[in-house]
Ligand SMILES: O=P(O)(O)OC[C@H]1O[C@H](OP(=O)(O)OP(=O)(O)O)[C@H](O)[C@@H]1O
Ligand SMILES: O=c1cc[nH]c(=O)[nH]1
Ligand SMILES: [Mg+2]
């Protein structure tokens, strides 16, 4: 299932991120804020346990999350999405997948992975601002599935139709969430209109 957020706050903040004159500080801040806005919907169907509690007035039934949440940023750019989600789920564990896309072949190259021990039971949320050809997302989903994960969501900011199709075909069980479904990929594999190189803009490396 693909969900594209149609929310004025997200559109406003994403527009700031797209502008070429937006600097690192504002880029990061708006990414943080959009991550926080998206998480409300992304976590809507997480299972709950009913628990008996006592308020100052009486006994009643309360709720607590039934599963641990594991946020999995695809390094580097995915790190920029973690903060906004973690602010709302402070108990979330953080896994890391290091991956870069070869600029010529556009193939993903994993270089690091580290997970908590309970991936098979957790609600796993993979985060990366950009879903371009889909190669990095498919490779990351393959990797978390190898760790036993069965409840997996993919949260990106900007997606290209080509990449969404690739992920949907490879992993039809994974729900995809986007702040925007953009128009197309250019000949260098960049999303158009997009926002440029997300990693470089987050970390100021260009
Ligand atoms: O859908 P794809 O075609 O695979 O492209 C998307 C990937 O490219 C970018 O990472 P990049 O390789 O630039 O690494 P970085 O985050 O370290 O800059 C982006 O953050 C995604 O991970
Ligand atoms: O448009 C794109 C495509 C891949 N990676 C990015 O950072 N931006
Ligand atoms: Mg990059």
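Glycine residues also receive a Cβ, built from the backbone N, Cα and C atoms like all the rest.
Counting only residues at least six positions away in the same chain, the Cβ atoms of 101, 106, 160, 162, 163, 185, 189, 190, 191 sit under 8 Å from the Cβ of residue 132 (5-phospho-alpha-D-ribose 1-diphosphate binding site). Annotation comment: TrEMBL describes 76, 101, 128, 129, 130, 131, 132, 133, 134, 135, 136, 197 as 5-phospho-alpha-D-ribose 1-diphosphate binding site.
DSSP classifies residue 191 (uracil binding site) as strand under the three-state reduction. If you look up TrEMBL, you'll see 191, 196, 197, 198 marked as uracil binding site.
The annotation domain 'Phosphoribosyltransferase' is assigned in TrEMBL to 4-205.
Residue 128 (5-phospho-alpha-D-ribose 1-diphosphate binding site) has a Cβ environment of 27 other Cβ atoms inside 10 Å.
Summarised as a single figure, the pLDDT of the domain 'Phosphoribosyltransferase' (4-205) averages 97. With a cut-off of under 6 Å between the Cβ and any atom of ligand 3, the binding-site residues 130, 132, 136, 196, 197 reduce to 197.
Close contacts with ligand 1, defined as a Cβ under 6 Å from any of its atoms, occur at 128, 130 among the binding-site residues 128, 130, 191, 196.
On a Cα basis, residue 128 (5-phospho-alpha-D-ribose 1-diphosphate binding site) lies 14 Å away from residue 196 (uracil binding site). Calculated from their C-alpha atoms, the gap between residue 197 (uracil binding site) and residue 128 (5-phospho-alpha-D-ribose 1-diphosphate binding site) amounts to 12 Å.
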